[in-house]
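According to TrEMBL, the features are:
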- 335-365: compositional bias 'Basic and acidic residues' (COMPBIAS)
- 419-463: compositional bias 'Basic and acidic residues' (COMPBIAS)
- 538-562: compositional bias 'Basic and acidic residues' (COMPBIAS)
- 163-299: domain 'Cupin type-1' (DOMAIN)
- 341-531: domain 'Cupin type-1' (DOMAIN)
- 48-82: region 'Disordered' (REGION)
- 117-138: region 'Disordered' (REGION)
- 324-365: region 'Disordered' (REGION)
- 410-463: region 'Disordered' (REGION)
- 538-572: region 'Disordered' (REGION)
- 1-25: signal peptide (SIGNAL)
Amino acid sequence: MTTKPRVFIPFLLVLSILLVSATLALSTTEDPERQIERCKQECRESRQGEQQERQCVRQCEEQEEKRQQGEETGKEGRKGEDPEKRLEECRRECREQAEGREQRECEKRCEEECKEHRGENKEEEKREEEKGEKRRGSDPFFFDEESFLHQVRTEHGHVRVLRNFLERSKLLLGVANYRVAILEANPNTFVLPSHWDAEALLFVARGNGLITRQCQDNKETQELRRGHIIRVRAGTIVSFVNKDRNEKLVIVMLFQTVATPGMLEAFVGAGGRNPESFYRSFSKPVLRAAFNTGVDKLERLFGRQKKGAMIEASQEQIRELSRRAGSEGLPRPFGESRRPFNLLDKRPSHSNRHGELREADGDDYPELRDLNIQVSHASINKGSMMSPNYNTEATTISIVVGGNGQVQIVRPRVSGQQEEGRGREEEEGRGREEEEGRGQQEGKEEEEQRQRGQRYQRVESEVSRGTTYIVPAGHPSVAVSSRNERLEVLCFEINAMNNRRTWLAGSNNILKQMDRMTKELAFDQPAREVDEVLNAPREEVFMAGPQERERESEGGEGRDGPLESILEFAGF
């Protein structure tokens, strides 16, 4: 009789371990807290002895500790992981381990975890943006790649959207209704159809592909290649194909929002779970009635796609998509005027050994007249620069599409309070009296600077591929290419009607048109000496940059006193 307990106790211990393992294995889809409680409850109801019950409960707690440690390790490992990819893996595990209601609850937890992970990514992006803001200080006009947010990110490409301009500064109120985005699709990639709640003007910066636009009763597929400009009207369903086997397709997109000012959204109908189709947000009875189809078929239709918004397409599929693109003799439902216009095929409006400028307006592409936008492309050769200039009416949104260099913008000197995008009253920890006192002090400093003649300040930044910068109407600016790479800048000129570009240096310098007496009164110099400076450059629009000019003038005579004073006065 004395040996029975010694045999029975190990047997119960093994039984309790098996019980814990089975309970946890069958409950992997449950909420973790409910799972551990169920495990302990099973231990208590198993009619074991007190010692075995304690061991069973301890096993439950140890399993929970291991699970938590695994989650922490997983979180660390997933910091750089694509949340959409992780969501799909989580859903797959749910399908493999559970059915029915438990599967749905498991998938719901996957979605919540994905949202939390996205939130962490957004917080990290926000911190990076704040770092960028701190680095730039009082510069509201330049936006580097850190200022973009990923709207779509897959292994086959991505779509990055620039933050709302008004978030940076209320000095950009004039373009607050516009957004900039960049689409990059890898070779042999299909971008799923969607529509935007905004007017879109696209420029193909690199590669070649296809665009399909679809409105009610109308559909057209057209070829895209580098230099093409094309409009996509708000609400038009649009899809893209990169049909090249080697080169990326890069499209710069300018949006003019029409639903909510400054807010941009893409709506995917022909999708599933990833990208999520907006059809899934309607109630099942409504979908069943609208499509006159059973729930099971609807679930398959709007639940199968899980590969993402950009997917790989076979050469056979691409050939089929290309079949009707640009076919001669076929009717064009969108009209001849809405065919893509190639800016880079147009003859340059200005060209010399230092660079080329191409410009497109409503006469070239009638859609631009309707949008009140002009598009230009400046190609500035190594070591050269585009002459200082300003636009009379248009504010320019510029995107560097190639090379690197430097851009300088002259702006009025303003107080920090005038410049901030959100009023200081929103800042925490500051009383109204302190706010008013600071505003009065800044106003006094600004007035003193103006009295001393310090009315302007230079804002400058190194720029490279992907940099976006804004030049408000009337603000003089200059772009200088580096000595090792040609600088290419795409410009969208907003409010283009009646706009004139005004050149401030070179053989077409507007100051040369002043009469003799005006020159003497304005510069406080004899007109002859003023003309000696204004007539010195032989080129117009494009000319040698600072370093190239220094090399050209090496060995020559230096500037004399009057000339130096004129140049200093003019800001050269």
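Placed from the backbone N, Cα and C atoms, the Cβ positions cover glycine too.
Packing against the compositional bias 'Basic and acidic residues' (335-365) from elsewhere in the chain are residues 203, 211, 222-231, 374-381, 384-386, 481, 496, 539-544: each is 6 or more residues past its ends and has a CB under 8 Å from a CB in it. For the domain 'Cupin type-1' (163-299), the number of residues in each DSSP class (helix H, G, I; strand E, B; coil) is 27 helix, 67 strand, 43 coil.
Looking at the domain 'Cupin type-1' (341-531) alone, the prediction's average pLDDT is 87.
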